[in-house]
Amino acid sequence: QGNENQSRSVRTFFLELIRAKKPLILHNGLIDLVFLYQCFYAHLPDNLSTFTADLSEMFPAGIYDTKYASEFETRFVASYLEYAYKKCKRENCKLKDSGSQHLTVEFCNYPATTSRYIDYRYCSLEEESHNVGGGNKVPICEKFSAYGWCPKGVTCPQSHNIDLIIDEDDRLWEEKRKKRKHKWKRRKNAEERAKVLEQESTGKEMELAQNGEEGPPRKQSCYEPAEVTLGSEGRPLEDSMDVEPEVTADTSAQQDLASSEAESHGPSSQGGTHRAGFDAFMTGFIMAYVWMLKKGKTTEAEAEPWLPDCHNKLYLSGKSVPLQIVKSLFSKSSKAHSQKMKLVWASG
């Protein structure tokens, strides 16, 4: 509203994205899709089934959510964007070092007239910084570790360093793996040694079986039960801490401040590479890494859809199942969408 020419150009660009018929990749993308549809396409439909029907026709090559992929496919213990990116990058480095199939990234050589508009951020593993030992080690902020943000922001005295967080998660995972292995061996020996105690050992086996995981692995909540907010019917409202915060100019400025303070005052509250371009790059890298892992398990080189396990599945906060982007037999596309699609292909 305010600059109709600019609005038209963005809307035209969005129509070009639809005409391209390429896969659309987002991270925690439900709200992004609602925003893009409302601002640059048409008025939002009245119900969800119509909205998903429209989306399935707008992006026939599929919609992919890297937050869903990070939790349900790679099964990372955290899935906020920068964590998932650095975890993928770290695992990719291990594959490269072992001589296995891995991703390589090649950046463009921009001409001098363009290069001054390109912003760079160092995103490689920082082995020197996160292998610092001894008593000067800053404790990790549990809230930031679990959710990717902290209400204290740059004033938090604890570390927001993603590399340190991943180190700690890997250490805990290895400890749990060893414990499970030890329990399995002990159980097996007990079964072979004393079949007479079958009734008692059965109870132990049931207890051990409960250690199995269903759904994505999750970090234990670092919030007290007293902080749970109840809805009108006395049921807990969905945990808003699992929703990644909207990145605005203010939060970007805070993260820049955190990075600059970390450089000048040591490893206190740090982390944060949020920019539209950086977010897009990290999202693309995560998707490429997951695709590479999954591609090795498919028999057809050109399997359809592009990545079946993640095809048209949007992450839903607090839910164990995704939102499926499909047009059901009982739903219709919206009138606004039908008119817009005619415009898309008529002007294409």
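Every residue gets a Cβ built from N, Cα and C, even glycine.
According to DSSP, the secondary structure content of the compositional bias 'Basic residues' (178-188) in residues is 11 helix, 0 strand, 0 coil. Marked as compositional bias 'Basic residues' by TrEMBL: 178-188.
Residues annotated as compositional bias 'Basic and acidic residues' in TrEMBL: 189-207.
Under the heading compositional bias 'Polar residues', TrEMBL lists 249-258.
Residues or ranges marked as domain 'C3H1-type' by TrEMBL: 135-163.
The feature region 'Disordered' is assigned by TrEMBL to 178-275.
Annotation source TrEMBL lists zinc finger at 135-163.
DSSP labels the residues of the zinc finger (135-163) in these numbers: 11 helix, 2 strand, 16 coil.
Over the zinc finger (135-163) the predicted model carries a mean pLDDT of 87.
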